[in-house]
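K.L.:
I'd like to ask some things about the structure below.
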Amino acid sequence: ACFIRNCPKGGKRNVDEGPTKPCMFCSFGQCVAPHTCCGEKGCEMGTVDANMCQEENESPIPCHVFGKRCLLNHPGNSHGNCVTYGICCSHDTCTVHLACM
C-alpha cells in the first residue's frame, strides 16, 4: 500500500515494481493511512498521534503496511491489509473483516 501523494508515477499498481519501505510507526503501531494508526490494541483515526502519519506523504518512496492482504467491499479500493486482529484497512478506510481474525 502507499499513501495518496507518494505513489509512484504509474500509480498504486506500480508499487510492487519499485522500491518500497515500511510505513512509519506511530504511538502504538504502524501508520496505515495519513490519519490512521493501528496496532495490537486497535486503530486510532484523526487523533493527534494518528495525524502524525500524514508525514508519510512527504516521502518520495512508497511505503508498505505490515499484515496479510485482505479484500474490502469498497468501490474503487478493494485491496487492504490486516492491520490488527479483525481489522482490514486500505489507504482510506478500515472495516471489521473475518479474514483478519
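Numbers run from 1 along the shown chain.
From the backbone N, Cα and C atoms, a Cβ is placed for every residue, glycine too.
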K.L.:
Could you identify, going by Swiss-Prot, the member of Cys82, Cys94 that forms a disulphide bond with Cys89?
P.N.:
Cys94
K.L.:
Looking at Swiss-Prot, which of Gly10, Gly39, Gly80 is flagged as glycine amide?
P.N.:
Gly10
K.L.:
Report the nearest neighbour of Cys94 (disulfide bond) in space among the disulfide-bonded residues Cys23, Cys26, Cys43, Cys88, comparing Cα positions.
P.N.:
Cys88
K.L.:
Give the sequence-ordered list of residues that share a chain with Cys89 (disulfide bond), lie 6 or more positions from it, and have CB atoms under 8 Å from its CB.
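P.N.:
When sequence neighbours closer than 6 are ignored, Cys89 (disulfide bond) has Val32, Ala33, Thr36, Cys38, Cys43, Val65, Gly80, Asn81, Val83, Thr95 within Cβ distance under 8 Å.
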